[in-house]
Amino acid sequence: MTCKTCPFETCANSEYCPAGNDICYQKKWNDHREEMIERGCVANCPQMESHHTSLLCCRRDNCN
């Protein structure tokens, strides 16, 4: 499984996920200046926190 890893809306960078981390995720939030994006691989979908504007979890290569 590969997941995108860059903190931009358009993302070309991917990484192979370690064994057991078969979920790609993307979190978005605003830091009062711009929209921030975090992407990567996880074993379990992270929790949506109050400051997040969106949370995506998926199980296909580069789906985040």
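Using N, Cα and C of the backbone, Cβ positions are placed for all residues, glycine too.
Features reported for this protein in Swiss-Prot:
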DISULFID  C3-C24  disulfide bond
DISULFID  C6-C11  disulfide bond
DISULFID  C17-C41  disulfide bond
DISULFID  C45-C57  disulfide bond
DISULFID  C58-C63  disulfide bond
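Known features from Swiss-Prot, placed on the structure.
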residue	record	Cβ within 10 Å
C3	disulfide bond	26
C6	disulfide bond	14
C11	disulfide bond	16
C17	disulfide bond	18
C24	disulfide bond	26
C41	disulfide bond	21
C45	disulfide bond	14
C57	disulfide bond	15
C58	disulfide bond	14
C63	disulfide bond	16
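When the Cα of C45 (disulfide bond) is compared against those of the disulfide-bonded residues C3, C6, C11, C24, C63, the shortest separation belongs to C24. Using CA atoms as reference points, the disulfide-bonded residues C6, C24, C63 were checked against C17 (disulfide bond), and the closest is C24. With respect to C57 (disulfide bond), the closest of these disulfide-bonded residues in Cα terms is C24, chosen from C11, C24, C41, C63. A distance of 12 Å separates the Cα atom of C6 (disulfide bond) from that of C41 (disulfide bond). The disulfide-bonded residues near C24 (disulfide bond), taking a 10 angstroms Cα-Cα threshold over the set C11, C41, C58, C63, are C41, C58, C63. Of all the disulfide-bonded residues in the record (C3, C11, C41), the one with the smallest CA separation from C63 (disulfide bond) is C3.
When secondary structure is read from DSSP and collapsed to three states, C3 (disulfide bond) falls in the strand class. Put simply, C3 is the one of the disulfide-bonded residues C3, C11, C58 whose Cα lies nearest to the Cα of C41 (disulfide bond).
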